[in-house]
Structures are given as structure tokens and as C-alpha cells.
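Colleague: Below is a structure I'd like to ask you about.
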Amino acid sequence: MATRSVLLALVVLNLLFYVPPGRSGPNVYIQKIFASCWRLQGTCRPKCLKNEQYRILCDTIHLCCVNPKYLPILTGK
């Protein structure tokens, strides 16, 4: 009887730790917040689109790509 209980406990623990491959990870909204920059107006990407500019780096490989209408006006020389 004890063997059956241990086996049942192992099966239940195995099912609890199983993560389906298609739905694992944070949801889309959380990913968007953590992959954004420039006051949530920009997106961290390896390469910016044609209509975007970058001013800062998100990390060592990603650029903060921002639409020029959200960038401040540069003054000076």
C-alpha cells in the first residue's frame, strides 16, 4: 500500500512540474513592458526599422528603436 502512495505522489509531482511548450513563459503584455524602452514608446530590437531611430542601447546587442515623433527636439550646434 505504501508503494502505491509513493508512486501516486511521484506522478502528481511530475504533473505539477510539467510546463507545456507552447504556452510557457510570461504573457504578451508582460513581455511588451520588459522589451520596451524610452518611457514605453520604444522597442528593444537588434536592428531598427526604416522609420525608427535609436538614441540609447537596451543592452549589449539591442537598440532602443523609437519613432522620431516621440524623440525630443535637439537644439544646439
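Counting starts with 1 at the first residue shown.
Quick reminder: no glycine exception, Cβ is built from N, Cα and C everywhere.
Copying in the features that Swiss-Prot gives for the protein in this structure:
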- Cys37-Cys64: disulfide bond (DISULFID)
- Cys44-Cys58: disulfide bond (DISULFID)
- Cys48-Cys65: disulfide bond (DISULFID)
- 1-24: signal peptide (SIGNAL)
Colleague: If you measure from the Cα of Cys65 (disulfide bond), which of the disulfide-bonded residues Cys37, Cys44, Cys58 is the nearest?
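Modeller: For Cys65 (disulfide bond), the spatially nearest of the disulfide-bonded residues is Cys44.
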Colleague: Express the distance between the Cα positions of Cys64 (disulfide bond) and Cys48 (disulfide bond) as a whole number of Å.
Modeller: 8
Colleague: Cys37, Cys44, Cys48, Cys64, Cys65: which of these disulfide-bonded residues has the sparsest Cβ neighbourhood within 10 Å?
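Modeller: Counting other Cβ atoms within 10 Å of each of the disulfide-bonded residues Cys37, Cys44, Cys48, Cys64, Cys65 gives the minimum at Cys48.
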Colleague: Could you give the Cα-Cα distance between Cys48 (disulfide bond) and Cys58 (disulfide bond), in whole Å?
Modeller: 12
Colleague: I'd like the number of other C-beta atoms within 10 A of the C-beta of Cys58 (disulfide bond), please.
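Modeller: So the Cβ neighbour count for Cys58 (disulfide bond) comes to 19.
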